[in-house]
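Chemist: Below you will find the structure I want to go over with you.
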């Protein structure tokens with residue numbers, strides 16, 4: 001069986017998760033990890049290179065998995081990577097996803113590449129479940145709740161704020177709203193009302209706490225409109241109390257048909273948010289490679305990918321084992 005050759009861009013928690021996931025899938029070969037940091041400083045047994053050397057591996061890499069942040073890294077470099085490689089990203093700026101899709105669709109079709117966007121669990125797996133549940137139950141309401149747990153994307157966004165040295169953002173579900181939904185009561189659901197965001201910040205000391213808080217709570221696409229609490233702590237407390245990576249949530253669809261209620265629910269409880277996100281990205285990389293082989297170029301979301309393309313199983317194995 002031929003292997004799919006993978007490059008990893010970025011070696012934070014997500015990049016490390018991709019590295020682990022690749023080791024659990026025998027149909028992948030990790031060509032190298034590419035980082036802006038000195039490759040010699042990376043704690044890995046795999047080959048590591050500076051990102052400036054990436055194009056030297058253009059003919060050796062089938063799919064590039066982008067593990068940079070959604071706030072700055074992906075918007076800054078997405079056009080370059082998608083021009084030269086088929087890519088998978090975990091871009092999680094919901095408000096920009098249509099623009100992201102259109103931009104990469106144009107580039108990848110021009111250069112005969114594939115870009116699988118917004119993999120992970122939200123957007124990603126949860127998005128797919130919302131599509132399924134609303135297709136199966138066309139009359140009803142869909143509710144999505146996150147947490148309690150650490151949000152990687154929002155934590156990264158806070159770290160980009162001037163004056164922030166370290167940051168952790170926890171998403172908490174609105175328990176009162178959850179209770180009302182579980183009782184079957186009518187609710188006025190919005191994502192903003194459904195969640196509370198707690199942010200823990202270590203400052204650099206170069207900017208006032210009030211200015212930093214103002215920048216965070218008014219950040220478009222991330223915190224604006226949400227009930228957000230910002231707490232300033234010292235670095236010792238941060239390192240002691242804010243290193244966990246757990247997260248989770250659920251998608252729930254209440255559907256009605258002929259006076260009967262049906263409830264469709266998917267729940268995730270994750271000890272490691274980045275490792276699960278990485279595992280979805282790796283499965284998407286398998287699909288990206290197959291789409292490339294099919295010459296089905298362009299941008300794709302999980303909505304566009306045949307489920308069988310995510311799996312390493314043959315059609316016979318899938319039918320016998322899973323159908």
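Residue 1 is the first one shown; counting continues down the chain.
The backbone N, Cα and C atoms fix where each Cβ goes, glycine too.
What TrEMBL shows for this protein is this:
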{"type": "BINDING", "residues": "11-14, 35-37, 67-70, 119-123", "note": "NADP(+) binding site"}
{"type": "BINDING", "residues": "171, 197, 247, 273", "note": "substrate binding site"}
{"type": "DOMAIN", "residues": "120-272", "note": "domain 'Meso-diaminopimelate D-dehydrogenase C-terminal'"}
Chemist: Could you tell me the maximum Cα-Cα distance in Å between the residues recorded as binding substrate, namely 171, 197, 247, 273, rounded to a whole number?
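Modeler: Of all Cα pairs among the recorded substrate binders, the widest measures 17 Å.
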Chemist: What is the Cβ neighbour count of residue 120 (NADP(+) binding site) at a 10 Å cut-off, with all protein chains included?
Modeler: 26
Chemist: I'd like to confirm something. Which of the binding-site residues, 171, 197, 247, 273, has a Cα closest to the Cα of residue 120 (NADP(+) binding site)?
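Modeler: Out of the listed candidates, the nearest Cα belongs to 273.
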Chemist: What is the interatomic distance between the Cα atoms of residue 13 (NADP(+) binding site) and residue 273 (substrate binding site), given in whole Å?
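Modeler: Here the two Cα atoms are 9 Å apart.
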Chemist: Can you check what DSSP calls residue 273 (substrate binding site), collapsed to helix, strand or coil?
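Modeler: Assignment for residue 273 (substrate binding site) reads helix.
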Chemist: Measuring Cα to Cα, tell me the gap between residue 171 (substrate binding site) and residue 11 (NADP(+) binding site) in whole angstrom.
Modeler: 24
Chemist: Just the number: how many Å between the Cα atoms of residue 197 (substrate binding site) and residue 122 (NADP(+) binding site)?
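Modeler: It is 16 Å, counting Cα to Cα.
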Chemist: Give me the sequence-ordered set of same-chain residues, not including 171, 197, 247, 273, with a C-beta within 8 angstroms of the centroid of the substrate site's C-beta atoms.
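Modeler: Apart from the listed residues, the neighbours are 146, 147, 148, 149, 150, 151, 152, 154, 169, 170, 249.
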Chemist: How long is the line from the C-alpha of residue 273 (substrate binding site) to the C-alpha of residue 37 (NADP(+) binding site), rounded to the nearest angstrom?
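Modeler: Here the two Cα atoms lie 23 Å apart.
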Chemist: Using a Cβ-Cβ cut-off under 8 angstroms and a sequence gap of six or more, which residues of the chain neighbour residue 37 (NADP(+) binding site)?
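Modeler: Result: 11.
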Chemist: Return the residues near residue 122 (NADP(+) binding site), defined as same-chain residues 6+ apart in sequence whose C-beta is under 8 angstroms from its C-beta, sorted by sequence, else 'none'.
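Modeler: Within the chain, residue 122 (NADP(+) binding site) has Cβ neighbours under 8 Å at 92, 144, 146, 249.
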Chemist: For the C-alpha pair, I'd like the distance in angstrom between residue 35 (NADP(+) binding site) and residue 247 (substrate binding site), rounded off.
Modeler: 26
Chemist: Just to verify a number: CA distance, residue 70 (NADP(+) binding site) to residue 247 (substrate binding site), in angstrom, no decimals.
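Modeler: Rounded to a whole number, the Cα-Cα distance is 18 Å.
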Chemist: Can you check which residues sit near residue 247 (substrate binding site), meaning Cβ under 8 Å from its Cβ, same chain, 6 or more apart in sequence, and list them in order?
Modeler: 146, 147, 149, 150, 151, 152, 171, 270, 273
Chemist: Per DSSP, to which secondary structure element type does residue 13 (NADP(+) binding site) belong, with helix, strand and coil as the options?
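Modeler: In three-state terms, residue 13 (NADP(+) binding site) counts as helix.
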